[in-house]
Amino acid sequence: MAGTRWGRWLGLVTAVWVQCISGNNYTFSNYSHALKTLMGLTQLQLNGLSVAKDVGKAFGLLAGLASDRVPTWLLLAVGSLEGLLGYGAQWMVVSGAVAPLPYWQMCVFLCLGGNSTTWMNTAVLVTCIRNFRRSRGPVSGLLKGYVGLSTAIFTDTCSALFADDPASFLVMLAVVPAAVCALAMVFLREGAAAADEDDDGRCFAAINSLAVAIALYLLAADLTGLGGGGGVVFVAVLLVLLASPAAVPAILAWKSWAETRKAANADLEEADSLAAAAPLLLVAKEARAPGERPRLGEEHTIAQTLTSLDFWLMFASFLMGVGTGLAVMNNLGQMGVAMGYVDVSLFVSMTSIWGFFGRIASGTISEHFIK
């Protein structure tokens with residue numbers, strides 16, 4: 001299945017669903033005030049918990065090293081298990097099921113929760129980029145865009161169903177990713193490079209359009225208050241929108257079945273497909289010529305990456321740029337309380353939605369300039 005065109009797209013759609021639930025690292029503001037109150041923490045101690053969460057993401061290097069050695073399903077299994085433990089423990093504390101844990105133990109569980117998403121992100125990004133080698137920019141932009149939307153999806157869903165209850169929110173963070181990853185373990189597989197990737201433009205346009213529709217729906221819900229008052233209806237419409245990308249592989253599968261049924265000579269079609277794929281194989285061999293460094297956009301080994309100027313420029317940009325944004329998002333809850341807002345979920349959701357537009361645009365624009 002993974003080797004067929006519709007199989008690759010089904011894998012991408014399940015990857016999109018994983019990304020929809022793997023942005024839980026950015027939701028700390030939704031329950032940080034509850035942790036601070038229940039555990040009697042100072043603001044400095046609360047900042048320490050947010051740092052522990054972010055340190056978990058720093059261990060994402062382990063997921064990257066494992067991605068070349070273990071199958072995709074195992075990466076997803078590790079991520080979902082870590083999230084279940086990390087956010088499950090936080091839920092037990094916030095809900096009052098157990099007495100507040102020692103501070104160092106809470107740091108460990110937040111670190112586990114933070115690290116869980118790195119395994120999910122690595123699994124879907126590595127697999128999908130390998131399945132769509134000629135469309136790496138659109139694929140990465142789309143997947144990272146949905147990570148940005150995931151915070152708004154969780155926040156608005158919790159607001160609609162549970163009135164922004166922190167304990168219910170943490171249950172969602174623990175259980176929903178595990179369920180979605182279990183589905184992705186079945187359908188997300190690495191397949192052989194396809195010869196018809198040039199025809200994927202319309203499929204990407206369709207899925208990008210659906211992503212924008214989801215973002216606009218969430219934005220409208222935040223601005224009008226629909227997310228908080230619409231309840232089950234709001235969530236039902238959101239689930240339909242999230243499921244709609246599955247129409248793309250379904251249509252491709254139907255077309256493939258129809259073409260196979262009408263084909264008079266399957267052997268001739270297979271020969272044509274192999275002939276079309278031959279240039280791709282030739283390019284791959286040329287790219288691996290001894291002593292020749294891979295070009296920008298091609299796969300690098302770890303040693304080649306560490307000696308690349310482009311990598312260190314990107315590393316410096318992330319170090320100085322992303323850190324400031326994380327500091328704001330981690331403290332958004334306390335900033336809202338200080339300004340007199342009882343509920344900061346609207347601000348968390350809006351930040352997520354606008355982050356989505358930036359992520360999906362950056363992927364598309366970067367691919368345009370690379371090509």
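Each Cβ is built from the backbone N, Cα and C atoms, and glycine gets one as well.
Because TrEMBL annotations are produced automatically, they should be read as predictions rather than curated entries.
Remote same-chain partners of the signal peptide (1-23), defined as residues 6 or more beyond its termini with a Cβ less than 8 Å from a stretch Cβ, comprise 76, 79, 117, 120-121, 123-124, 127-128, 131-132, 139, 142-144, 146-151, 153-154, 176-177, 180-181, 183-184, 187-192, 194, 196, 203, 207, 211, 242, 245-246, 248-250, 252-253, 255-256, 352. The signal peptide annotation in TrEMBL covers 1-23.
Residues annotated as domain 'Nodulin-like' in TrEMBL: 8-249.
According to TrEMBL, the transmembrane segment annotation covers 73-91 (among others).
Residues or ranges marked as transmembrane segment by TrEMBL: 103-129 (among others).
Below 8 angstroms of C-beta separation, residues 15-16, 19-24, 26-27, 30, 121, 124-125, 128, 169, 172-173, 176, 204, 207-208, 211, 214-215, 218, 221-222, 227-232, 234-235, 238, 242, 345, 348-353, 355-364, 366-367 of the same chain, each at least six residues beyond the ends of the transmembrane segment (141-163), sit close to that stretch. According to TrEMBL, the feature transmembrane segment maps to 141-163 (among others).
The transmembrane segment annotation in TrEMBL covers 169-189 (among others).
Feature annotation from TrEMBL assigns transmembrane segment to 201-220 (among others).
Within the chain, the transmembrane segment (232-254) has long-range Cβ neighbours (under 8 A, six or more residues past its boundaries) at 5-7, 9-10, 12-13, 16-17, 20, 153, 156-157, 160-161, 203, 206-207, 210, 213-214, 217-218, 221, 226. Residues annotated as transmembrane segment in TrEMBL: 232-254 (among others).
Residues annotated as domain 'NFD4 C-terminal' in TrEMBL: 298-362. The predicted model assigns the domain 'NFD4 C-terminal' (298-362) a mean pLDDT of 74.
According to TrEMBL, the feature transmembrane segment maps to 311-329 (among others). Tertiary neighbourhood of the transmembrane segment (311-329): same-chain residues 26, 28-29, 54, 305, 335, 348, 351, selected by CB-CB distance under 8 Å and a gap of 6+ residues from either end.
The transmembrane segment annotation in TrEMBL covers 335-357 (among others).
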Long-range environment of the transmembrane segment (169-189) - Cβ separation under 8 angstroms, sequence gap at least 6: 1-2, 7, 10-11, 14-15, 17-18, 20-22, 24, 27, 30-31, 72-73, 76-77, 79-81, 83-84, 86-88, 90-91, 94-95, 113, 116, 120, 123-124, 127, 154-155, 157-158, 162
Close approaches to the transmembrane segment (201-220) from elsewhere in its chain (Cβ under 8 angstroms; 6 or more beyond its ends): 9, 12-13, 16, 135, 138, 142, 145-146, 149, 152-153, 156, 226-227, 237-238, 241-242, 244-245, 247-248, 252, 349-350, 353, 356-357, 360, 364
Helix-strand-coil residue split for the domain 'NFD4 C-terminal' (298-362), DSSP-based: 52 helix, 0 strand, 13 coil
